[in-house]
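Asker: From Swiss-Prot, for reference:
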- N79: N-linked glycosylation site (CARBOHYD)
- N102: N-linked glycosylation site (CARBOHYD)
- N204: N-linked glycosylation site (CARBOHYD)
- N335: N-linked glycosylation site (CARBOHYD)
- N397: N-linked glycosylation site (CARBOHYD)
- N463: N-linked glycosylation site (CARBOHYD)
- N482: N-linked glycosylation site (CARBOHYD)
- N492: N-linked glycosylation site (CARBOHYD)
- N552: N-linked glycosylation site (CARBOHYD)
- N636: N-linked glycosylation site (CARBOHYD)
- N681: N-linked glycosylation site (CARBOHYD)
- N819: N-linked glycosylation site (CARBOHYD)
- 902-922: region 'Disordered' (REGION)
- 141-167: repeat 'LRR 1' (REPEAT)
- 190-213: repeat 'LRR 3' (REPEAT)
- 238-262: repeat 'LRR 5' (REPEAT)
- 337-361: repeat 'LRR 9' (REPEAT)
- 433-455: repeat 'LRR 13' (REPEAT)
- 530-553: repeat 'LRR 17' (REPEAT)
- 602-625: repeat 'LRR 20' (REPEAT)
- 627-646: repeat 'LRR 21' (REPEAT)
- 647-671: repeat 'LRR 22' (REPEAT)
- 694-716: repeat 'LRR 24' (REPEAT)
- 812-835: repeat 'LRR 26' (REPEAT)
- 860-885: repeat 'LRR 28' (REPEAT)
- 1-27: signal peptide (SIGNAL)
- 28-930: topological domain 'Extracellular' (TOPO_DOM)
Amino acid sequence: MLLAMEGKLFLCQYLIWVMLLLGQLHGCTSCIEKEREALLELKKYLMSRSRESGLDYVLPTWTNDTKSDCCQWDGIKCNRTSGRVIELSVGDMYFKESSPLNLSLLHPFEEVRSLNLSTEGYNEFNGFFDDVEGYRSLSGLRNLKIMDLSTNYFNYSTFPFLNAATSLTTLILTYNEMDGPFPIKGLKDLTNLELLDLRANKLNGSMQELIHLKKLKALDLSSNKFSSSMELQELQNLINLEVLGLAQNHVDGPIPIEVFCKLKNLRDLDLKGNHFVGQIPLCLGSLKKLRVLDLSSNQLSGDLPSSFSSLESLEYLSLSDNNFDGSFSLNPLTNLTNLKLFKLSSRSHTIQVKMESTWQPNFQLSVVVLRFCSLEKIPSFLLYQKKLRLVDLSSNNLSGNIPTWLLTNNPELEVLQLQNNSFTIFPIPTMVHNLQIFDFSANNIGKFPDKMDHALPNLVRLNGSNNGFQGYFPTSIGEMKNISFLDLSYNNFSGKLPRSFVTGCVSIMFLKLSHNKFSGRFLPRETNFPSLDVLRMDNNLFTGNIGGGLSNSTMLRILDMSNNGLSGAIPRWLFEFPYLDYVLISNNFLEGTIPPSLLGMPFLSFLDLSGNQFSGALPSHVDSELGIYMFLHNNNFTGPIPDTLLKSVQILDLRNNKLSGSIPQFDDTQSINILLLKGNNLTGSIPRELCDLSNVRLLDLSDNKLNGVIPSCLSNLSFGRLQEDAMALNIPPSFLQTSLEMELYKSTFLVDKIEVDRSTYQETEIKFAAKQRYDSYSGRSEFSEGILRLMYGMDLSNNELSGVIPTELGDLLKLRTLNLSHNSLLGSIPSSFSKLIDVESLDLSHNMLQGSIPQLLSSLTSLAVFDVSSNNLSGIIPQGRQFNTFEEESYLGNPLLCGPPTSRSCETNKSPEEADNGQEEEDDKAAIDMMVFYFSTASIYVTALIGVLVLMCFDCPWRRAWLRIVDAFIASAKHVLP
């Protein structure tokens, strides 16, 4: 009995110990109350600075419920034994304004090891403070090893606080406001630091104080402002350094071998995106531990060093986007058995990759990129590769059959890019493959392969654009249930879209079929594209009304149906799409009015209804939150332009309508960048309020009936005088390029992904009169790229403007085209126009200008078109520079102009100054002659009068005869008068 009792007691004790052990293993220990209260105090502090005051928005799991275990809260990790907080992360914050963090709130967390204050919110942390302990505030956190302060507004004032956290081994300060000389002296006491990440700041200068960080193993200084190899010299003293990132700086000159070649422990070296020149240093082959070497996007030349054959640990080698030319041998890579990724391309397009036909390297690549390498045949070594995930042979001279054997040999192949070659045949693979991304655009294949859905059923992205495909749309695509991106634009497909396609591809998100010959109704009602995000069907032959085929595509953001034969009105279901921000239906036969609900869509940012038959009044306002680009030209709109229309509008094109009334005094002119009102029936004067267009680039008021004078305040228009960052536009979401990403390689700092651009940005094309013709100026809509970014112009031609040309217009320094022709302008050509140093076209023809052409205009070196014909100008035509290129037509209708290129000669051997002096002398002589004439005439009259008076004083026959005549005249006058 006693033994039984002892057995039960032992069993109970055993079970208790097991339960305690399981409780500890499963983290049942709650956080201690002191730290729970401290976390709530921290939340209270963050809430006081947050835009969102509700408990559900700021750290919602951090609650005051006593039953809530703070170890289970978001961003918190506790020690399972002690219940003390060891990891603390506050997540994304949305502050009212940038705010400092009170470090005293962290003091209760004595065992915290990792502190994450990184955020992706707005107005993040901008510093620290502690009113009690000051800079020593972090010294009490003796276990703190990792501190992440990335994506905030921290600057150098933070460093004295950080310098007290001497236990730190990892410090991350990426994407902050570190600006100026390298600040490492402020961290000299962090002698235990092993990883320091200062990526994406604005650092420069010497790194001399780095010598204090003797244990440093990983250093990332990418995306800063280092520019000289001299600034990198101190790096050679970091003998324990294993990972070094210097990508995306501005370092020029040869790669400094005295720095990098001494770092024998280097495993990762990232130098991409600099300005290094010359050959790849031979001594890099002595870095035996090197696993990652990225030299892409520099200006390197020469060949691959033979010493690279010693880099037996090398896994990642990227040499793309350099200036290699001539022969480039891959033989040094033969025995690199660990090589997994190799990239090579050249900007010169003259590189000739050399390898023996029997070359069989010992590596098995997962990624190979050989773009712009002048390849005429598929490299034979690819026959021996069996583990490829990505192959990019784009932009070469490859021809013949598409190498589908790559699929057979590499069952794990996910991405195959063969665009911009000369392939002519696409043999469909005989086996089913898991390929996901396939780009064979810009080849010469001609016939779309049959049964692609059988061989490649899992395709996610397919780009076969610009191949000359003919015939009907391939029905097999309708069986590809996973396809989300399809681009078959710029081909010769014809006929209707098959029902199997419009109902079967339910995963489609991006569909581009533009520039084909598809016909019939635009997407039948049974169309089922519920995930559709981007639809481009422009430049086809679709006819009829816009049906309801897209009515269930409520996720649609971009819709382009321009240049078809569509008719009828804009369907009302379109207004129910909550995310729609691009609508392009230009050059069709649509009619009716613009529904107000269309312009009431909150995210609408690009509307092109030009070249249709819309009529009626313009909408009174736009509700877009981001600033809309609105093209309504070449329609039949009538009535006045509403005063409120410019609010939130960045581009407004109303040319060639039937609008009347005066130019309104717009309520809001700050957002407008391009204002085009040409070819209407606008009357009245140019309002002075137009001078408030502080961000305007193009202004076209031509072909109207405007009168009055040109306001001198038009010189207030910016026309590029502001800095480019001040001219930045609000970029709506669709301008941001979204991508399909796939991670290819990951190291300490380097993450290599394939980013397949979905090209969702909109190319904006503006036609503007310059150089006496209408030219198209294209660019991305945010003016970040393209010729449109550089174009500034003003056209007031073909109106009834009068008065003189304001001299102040010469202050529009960035103006490239100015057209004031076909008006009734008087006075002279302002000499201030000589300040228009960028002007390319200056048209002042068909006015009533007088005087001479200012000689200073000959300094305009960019001037390509100059027209002053049909005026009343006189004097010598300027010569030299651009004026030597103008024809006589530029000066016709000015009979008093002389000199080349006209046939009228001026006085020889006289400079323009002498000619002016001669004219003044002639004017002086003419004045003297007139004075002599007047004096002589007066003298004759006075002499004759004196003679008559003298004769009257003597009794002579002449006097008596004269008196009889006078008496007879008096007698006859008496008979006539009553």
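Glycine residues also receive a Cβ, built from the backbone N, Cα and C atoms like all the rest.
Are these features on the surface or tucked inside, and what are their neighbours?
Answerer: DSSP assigns N79 (N-linked glycosylation site) to coil in the three-state reduction, outside any helix or strand.
According to DSSP, N102 (N-linked glycosylation site) sits within a strand segment.
Taking the Cβ of N204 (N-linked glycosylation site) as reference, residues of its chain lying under 8 Å away and at least six apart in sequence are, in sequence order, G180, P181, F182, N224, K225, F226, S227, E231. Under the DSSP three-state reduction, N204 (N-linked glycosylation site) is assigned to strand.
Counted within 10 Å of its Cβ, the other Cβ atoms near N335 (N-linked glycosylation site) come to 14, all protein chains included.
Spatially close to N397 (N-linked glycosylation site) yet at least six residues away along the chain are S374, L375, E376, N421, S422, judged by Cβ distances under 8 angstroms. DSSP assigns N397 (N-linked glycosylation site) to coil in the three-state reduction, outside any helix or strand.
Under the three-state DSSP scheme, N463 (N-linked glycosylation site) falls in the strand class. Counting only same-chain residues at least 6 apart in sequence, those with a Cβ under 8 Å from the Cβ of N463 (N-linked glycosylation site) are Q419, F438, D439, F440, S441, F485, D487.
The C-beta environment of N482 (N-linked glycosylation site), restricted to residues of the same chain at least 6 apart in sequence and closer than 8 Å, consists of P457, N458, L459, V460, S507. DSSP assigns N482 (N-linked glycosylation site) to coil in the three-state reduction, placing it in neither a helix nor a strand.
A simple way to gauge crowding: the CB of N492 (N-linked glycosylation site) has 13 other CB atoms within 10 angstroms, across all the protein chains here. Under DSSP, N492 (N-linked glycosylation site) is assigned to a strand (E or B) in the three-state scheme.
According to DSSP, N552 (N-linked glycosylation site) sits in a coil region rather than a helix or strand. Applying an 8 A CB threshold to same-chain residues 6+ apart, the list for N552 (N-linked glycosylation site) reads N528, F529, P530.
For N636 (N-linked glycosylation site), the same-chain residues that are 6 or more apart in sequence and have a Cβ closer than 8 Å to its Cβ are Q613, F614, S615, N657, K658.
For N681 (N-linked glycosylation site), the number of other Cβ atoms no farther than 10 Å from its own Cβ, over all displayed protein chains, is 13. Secondary structure at N681 (N-linked glycosylation site), as computed by DSSP, is strand.
DSSP classifies N819 (N-linked glycosylation site) as strand under the three-state reduction.
Averaged across the repeat 'LRR 1' (141-167), pLDDT for the predicted model comes to 94.
Long-range contacts of the repeat 'LRR 3' (190-213) within the same chain, counting only residues at least 6 positions beyond its ends with a Cβ under 8 Å from a Cβ of the stretch, are 150, 162-163, 165-184, 219-227, 230-235, 237-238, 245, 748-749.
Outside the repeat 'LRR 5' (238-262), and at least 6 residues removed from its termini, the chain residues within Cβ reach (under 8 Å) are 199, 210-211, 213-229, 231-232, 268-278, 280-281, 283-284, 286-287, 289, 294-295, 747-750.
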Asker: N819 (N-linked glycosylation site) has how many other Cβ neighbours within 10 Å of its own Cβ?
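Answerer: Taking every protein chain into account, the count is 24.
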Asker: Quick one: Cα separation, N79 (N-linked glycosylation site) versus N102 (N-linked glycosylation site), in Å?
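Answerer: The separation of the Cα atoms works out to 25 Å.
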Asker: So among N102, N492, N681, N819, all listed as glycosylation sites, which is physically nearest to N335 (N-linked glycosylation site)? Use the C-alpha atoms.
Answerer: N492
Asker: Against which stretches of its own chain does the repeat 'LRR 17' (530-553) lie, if we need a Cβ under 8 Å and a gap of at least six residues from its ends?
Answerer: 484, 489, 502, 506-524, 559-571, 573-574, 577, 584-585, 758, 760
Asker: According to DSSP, folded down to helix, strand and coil, what is N636 (N-linked glycosylation site)?
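Answerer: In three-state terms, N636 (N-linked glycosylation site) counts as strand.
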Asker: What does DSSP give as the helix, strand and coil breakdown of the repeat 'LRR 26' (812-835)?
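Answerer: Tallying H, G and I as helix, E and B as strand, the rest coil: 5 helix, 6 strand, 13 coil.
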Asker: For N819 (N-linked glycosylation site) and N681 (N-linked glycosylation site), determine the Cα separation and express it in whole Å.
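Answerer: So the Cα of N681 (N-linked glycosylation site) lies 19 Å away from that of N819 (N-linked glycosylation site).
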Asker: So what sits near N102 (N-linked glycosylation site) in its own chain, CB-to-CB under 8 Å and at least six residues off in sequence?
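Answerer: Once residues fewer than 6 apart are set aside, N102 (N-linked glycosylation site) is near Y45, F128, F129, D130.
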Asker: Could you tell me the C-alpha distance between N492 (N-linked glycosylation site) and N681 (N-linked glycosylation site) in angstrom, no decimals?
Answerer: 42
